[in-house]
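**Student:** Can you keep this structure in mind? I'll have questions shortly.
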Amino acid sequence: MAEKVKPLKTSKFKFSLKSKVLKRVIISIVIVAILAGAGFGIYRFVQGRKNRNQTVQQRTARVTRGDITVSVTGSGPIESAQSVDLTSTVSSTITNVFFKDGDSVKKGDVIFELESQDAKNKIDSIKSQIDDVNSSIADVQESIKNLVITAPISGYVKNLNAQEGDRISKGLSVLTIIDTSKLKVTLPFSAALFDKVKIGAPAVVYIPDISQSIQGTVSYLGNTTYTNDYGGKVFDVEITISNPGALKEGMKASAEIKVGAEVYLSTQDATLEYVDKENVKAKVDGEVSEIFARNNQFVEKGAVLLKLSNDDLSKQLKNYQTQLKNLQDQLKDAEDNLENYYIKAPFDGVVTNINFKKGDNIKAGEVLATVFDNKNLVFRVDIDELDIAKIKVGQKVNITVDALPETQTNPLTGKVAKIPLEGTTQNGVTTYSVTISIDNPKNLKIGMNANAEIIVDQKQDVLMVPLEAVQKFGNRYFVFVKSSSQNSTQEGQTGGFFPQGGFGNNQQSSAQGSQNWRQRWQQEGSSTENTQQSTSSQSRGSWSQNSQGTGSSSQLRTRRMASLLGSSYYKGAVLRPVEVGINNDSYIEIVSGLSEGDIVVLPPLSTGSTSTQTQTQQGFNIMGGFGGPGGGMPGEFRQFRQNQSGTGRTNQSSGSQGSNTNR
């Protein structure tokens with residue numbers, strides 16, 4: 001039993017020894033940590049004292065002259081301005097395919113031809129019906145025209161017996177018109193004269209009833225000879241004479257014709273007839289509605305003699321005209337339907353995706369191929385709702401293409417072609433898909449990514465300063481202008497904040513003016529301590545302020561403002577009011593208040609800033625104490641920045657415009 005207890009005592013001793021070693025190690029670690037922390041604290045304290053003793057460099061920039069461009073940017077894939085799927089509106093069989101994939105086509109080119117015999121037959125049938133109806137219309141129109149009876153010749157009216165209201169049938173004689181100025185007589189002459197006399201030969205006609213002879217003219221020759229009642233060979237000769245006034249139809253007459261030295265007498269007498277005598281007949285059924293002539297009245301050729309009426313003809317005409325209109329509409333529909341059997345290119349372009357071949361049966365609505373415009377290319381860019389009001393149709397666009405490096409230095413050009421009325425909202429942000437057309441899309445292919453710089457405003461050869469140099473007080477803008485000691489006092493007097501009770505004194509130096517500024521700010525801060533309210537607003541891509549301080553915050557900002565105005569950083573600079581124009585993200589136009597070559601002071605930077613972006617932001621933060629996002633007192637100065645999510649370019653003509661200068 002005694003031997004078993006001894007091992008237990010030895011184990012307890014070893015455990016106690018290990019605990020003491022562990023405690024010593026822990027104590028050592030704690031001591032080292034305390035010493036390290038103390039050393040770091042001392043280092044930070046010393047470094048902080050050192051930093052406080054350092055002087056912040058004054059940043060300046062020169063007022064220069066150049067070009068300012070305000071633009072809005074976006075990007076999107078290039079696509080055809082128009083692309084159309086070719087479909088058939090009819091079911092049929094393809095009889096011809098005139099192009100293959102990738103072929104260029106012109107507007108109106110037939111790409112597919114379909115079996116169309118039934119459609120053609122229908123057109124032929126309708127055309128035949130139209131011809132029949134047109135013929136009927138012509139007949140009715142002629143009948144309506146014939147309701148007006150006119151004189152076929154000039155002469156005297158004879159045998160007019162019709163009265164108004166009489167019903168006259170087609171073919172009925174209405175009256176006779178006789179021209180009494182000329183008469184004719186047909187006389188037989190000996191066949192010996194047959195080959196000797198000619199039409200137009202002179203003749204002498206004897207009228208026994210008035211015992212006169214009248215000169216006449218041969219107007220007709222019979223073309224054959226015949227035997228008269230006395231067995232002699234004769235032929236007929238017609239002679240026309242003018243009526244001296246006493247001649248009448250029915251009088252007996254004979255004649256002689258002289259040929260050379262020989263005189264031939266007619267073998268028999270004949271009766272006189274009027275040359276022009278027309279029996280006027282009705283050419284259509286109708287009722288006499290008006291009579292314009294009377295018997296023995298002389299009328300000229302074409303004069304209206306009677307008018308008939310026939311309501312049935314008017315009804316027939318209207319009916320035929322209605323039929324014609326319906327048939328013409330049917331013909332147009334049939335011809336339009338025939339066009340459906342010829343699938344044509346809707347515009348110049350390239351045909352692709354030809355899915356069928358000759359002999360294939362197709363159904364209505366099937367897509368046969370696609371035609372796209374390879375000459376007019378566009379792309380669409382999403383424009384933020386904050387910028388869409390700046391975009392106008394026709395605005396110039398500079399275009400770069402990722403796949404074409406040369407466009408980075410020599411951009412393509414285009415213009416805004418279309419602006420949608422409705423935007424698309426996603427995650428609370430509304431954008432508008434604006435269409436950009438490319439002026440000369442050479443070397444471009446559909447699908448390439450294009451970048452657009454839409455020029456919304458542009459000015460050339462204007463005075464400008466970096467955007468961060470401009471401060472805003474109420475509705476006015478100011479810059480700190482670097483001045484020589486020689487003119488510092490004068491600029492401090494007139495270039496102080498405001499001449500109306502401003503923060504300077506016309507009789508004091510700039511140093512005294514700064515003291516007055518601080519006092520003024522302190523007074524305004526305390527007077528508004530209990531009445532002002534603080535607000536702030538933040539917008540995408542920019543910030544602006546419309547805020548007022550309250551209580552101790554207002555006093556703190558007032559002291560910071562007064563301290564800044566009197567700080568050594570702005571030594572040798574005065575605050576000068578300016579009128580500003582357009583601006584982009586880098587530069588702002590100075591309309592008045594500065595001259596080319598003036599040096600402006602930019603906001604100070606924090607120690608250790610390295611990048612341009614960081615420096616610019618820190619400059620804003622410094623101003624934020626009294627005019628930045630944190631709010632400030634009323635009428636405060638604040639860093640000027642226009643609400644704008646786009647970009648811009650600035651072309652400068654002289655000076656150190658490309659970068660800010662630290663002095």
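Quick reminder: no glycine exception, Cβ is built from N, Cα and C everywhere.
A quick note: this is a predicted structure, and the numbers were derived from the prediction, not measured.
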**Student:** With TrEMBL as the source, identify the stretch among 310-344, 415-449, 590-624 annotated coiled coil.
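**Tutor:** The listed stretch tagged coiled coil in TrEMBL is 310-344.
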**Student:** Provide the three-state DSSP residue tally for the domain 'CzcB-like barrel-sandwich hybrid' (279-372): helix first, then strand, then coil.
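**Tutor:** In the domain 'CzcB-like barrel-sandwich hybrid' (279-372), the DSSP-based counts are 29 helix, 32 strand, 33 coil.
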**Student:** Work out, from DSSP, the number of helix, strand and coil residues along the domain 'Multidrug resistance protein MdtA-like barrel-sandwich hybrid' (83-176).
**Tutor:** 29 helix, 31 strand, 34 coil
